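For reference, TrEMBL has these:
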type	residues	note
DOMAIN	17-89	domain 'AGAO-like N2'
DOMAIN	103-207	domain 'Copper amine oxidase N3-terminal'
DOMAIN	228-630	domain 'Copper amine oxidase catalytic'
ACT_SITE	Asp305	active site, proton acceptor
MOD_RES	Tyr389	2',4',5'-topaquinone
REGION	636-662	region 'Disordered'
COMPBIAS	651-662	compositional bias 'Polar residues'
Amino acid sequence: MDAVVAVTHPLDPLSLDEIASAVAILKDRQTLAATFRFPITRLEEPTKADLAAYRLGDRLPRLAFILAIDISNGETFEGIVDLTAGTVSYIRLPLDELPYGQPPIMLCEFETVEGTVKSDPRWIAAVKKRGITDEDIPLIQIDPFSSGYFGREFEKGKRIVRAVSYWREDVRDNGYAHPIEGVVAVVDLITNRVVDLVDDEKIIPVPRKKRNYGRETFPEPRPDLTPLHIVQPQGPSFTVDGWKVEWQNWSFRVGFTPREGLVLHELGIKDEGRLRPVVFRASVTEMVVPYADPTANHYWKSAFDAGEYGLGRLANCLELGCDCLGHIHYFDVPAADDLGQPFIMKNAICMHEEDYGILWKHYEFRNGIFEVRRSRRLVISFFATVGNYDYGFYWYLYQDGTIQLEAKLTGIIQTAAVATGETYPWGGMVDDNLGGPTHQHFFNARLHMDVDGGDNTVTEHEFVPRPWGEDNPYGNVFDTRSRVLKRELDSPALANGETGRYWKVSNPNIKNSIGNAPGYKIVVMPSPVMLAQPDSTVAQRGGFAKKHIWVTAFDAREKYASGDYPNVHAGGDGLPGYVKQNREIENADVVLWHSFGHTHVCKPEDFPIMPVEYAGFTLKPNGFFASNIAMDLPPEGNSQSVDNRLLQPSADDTGNGSCCHT
Ligand code: NI
């Protein structure tokens with residue numbers, strides 16, 4: 001879309017003008033010094049209730065949330081700027097008190113860390129012990145990693161990162177093939193000093209074997225791929241109006257925040273001419289990657305990629321024909337840099353249609369009726385690069401009312417140097433002298449539900465065998481056992497494939513075609529939970545990943561699975577803290593949170609770039625509709641399809657071929 005499009009709806013992201021005004025108003029009203037930076041600038045969104053009032057004719061104020069940090073002293077403030085009234089509310093965050101916490105790491109800080117580390121004499125001495133020369137130092141790659149928290153004095157209330165180093169032969173060399181093991185510089189981002197330098201007693205030489213992935217490394221790509229085009233001669237089937245999208249009875253608004261990246265608002269589906277809400281707001285609010293190696297370079301690694309870096313801030317500019325294939329609609333996203341200056345994140349969100357095989361099919365041999373319909377899905381996606389890893393987030397909408405989120409995990413693994421003749425004990429070997437630490441990836445999706453509008457109830461169901469008896473004389477009967485999640489502490493739960501445990505969000509105030517509450521079911525994929533000890537700091541900080549399902553009563557302040565500021569946080573915030581309030585969640589305005597992920601034991605195939613691994617979940621209508629709503633799909637066949645034996649189009653090229661036997 002045109003990035004300077006006028007704001008037309010209260011959920012539209014802040015425009016470039018609004019970002020500029022909000023920052024200017026905040027700086028002016030609070031007379032902010034030039035040492036202030038702005039790690040987060042976003043729309044402070046109206047609530048469900050606000051929007052209901054808006055639809056009745058109320059005017060809503062446009063609010064901007066700005067996180068402001070003075071990098072001369074670390075003082076941090078949350079500001080809300082009312083752009084409509086020109087007023088500001090501004091509070092200082094007590095980040096110098098337990099449980100601490102810090103704003104996410106800013107890009108401008110990445111740049112200063114390198115200079116700070118490389119000028120520290122202790123760091124220079126430590127890397128030289130490992131064979132690094134003065135000539136090597138300018139090319140050394142420094143990764144400022146979010147530090148974790150272990151209760152040490154230099155962590156408490158401090159804005160620190162732990163920096164690890166990689167040798168490179170030249171700037172295009174893949175540093176992750178050459179980790180400098182046993183050297184960690186803890187850098188205070190406010191004083192720009194190395195406050196602690198770990199120089200492990202064990203000296204492991206730097207692996208020097210090159211493992212690159214740039215196209216020059218593979219000058220002779222495989223020759224036997226023919227072109228594959230996805231063509232929509234009449235354009236796509238969706239319509240876009242600003243941030244609003246309509247497609248195949250679906251309707252939603254696109255949003256984007258610095259922390260979460262892509263957000264879907266007011267997702268609903270038209271059924272017999274009536275728009276029925278399903279999800280009020282859907283996003284991934286956190287992801288954490290805890291590492292399972294106890295040695296100096298790794299034990300503290302547990303990047304909270306949303307809360308400590310910002311998935312939205314690190315979104316890629318997507319390339320036509322490479323990242324997305326076919327007839328693409330891009331959304332450019334207005335954003336603010338660390339200085340609060342507005343800029344456009346070009347092609348940050350990609351939307352297109354995809355063929356998805358068969359949606360439904362039947363051949364009735366008795367009467368010759370043969371019907372098949374292909375499935376098409378709408379894909380709304382973005383990709384974020386967080387240091388070594390790259391994550392894609394793909395929302396899919398289907399013509400039968402299904403909603404899906406798929407996370408794609410790719411990029412470069414963390415690596416560890418291994419001495420010749422030894423085997424890496426904390427993960428897998430990926431090459432000579434190179435190990436990959438075992439780790440887990442956990443995502444958490446926050447789904448503010450709105451099934452048929454109004455209040456919802458979440459129920460848990462599983463299939464259990466019925467005992468032998470008069471009502472089960474052949475032993476074949478099994479039952480569905482259900483429980484209502486009445487209060488928040490009823491809700492934290494694990495999935496169980498053996499009993500097919502699932503959760504359903506229903507609207508108990510409405511009856512469906514068979515007299516029950518209309519609902520949507522969350523279908524979870526087999527997924528690990530966090531295996532770190534419950535009282536370890538990473539489990540305290542990322543407790544959301546200890547359970548697959550959480551349900552909370554909506555509170556506008558509870559936005560993120562890991563709490564507001566997980567960076568250098570002592571733990572206890574986020575979902576485990578939210579549910580302690582044990583609020584009523586039956587027939588209430590509820591938020592369903594789902595943790596899912598992947599346990600990654602590294603292997604040679606993960607290097608130098610790991611093929612995409614998938615994790616995610618599906619929301620499926622369950623008694624929401626009166627029948628399969630995709631029965632009315634047109635029976636046209638695809639006229640561009642070819643019988644390879646004939647090498648001729650199968651029908652005329654008007655797109656009026658018929659599926660299939662007529
Ligand atoms: Ni991994």
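Backbone N, Cα and C define each Cβ position, glycine as well.
All TrEMBL annotations are machine predictions without curation.
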Its residues classified by DSSP, the domain 'AGAO-like N2' (17-89) shows 21 helix, 26 strand, 26 coil
Rounding to whole Å, the Cα atoms of the residue listed as 'active site, proton acceptor' and Tyr389 (2',4',5'-topaquinone) are apart by 10
In DSSP terms, the domain 'Copper amine oxidase N3-terminal' (103-207) comprises 26 helix, 27 strand, 52 coil
Model confidence for the domain 'AGAO-like N2' (17-89), as mean pLDDT, reads 97
When the recorded positions Asp305, Tyr389 are compared by other Cβ atoms within 10 Å, fewest goes to Tyr389
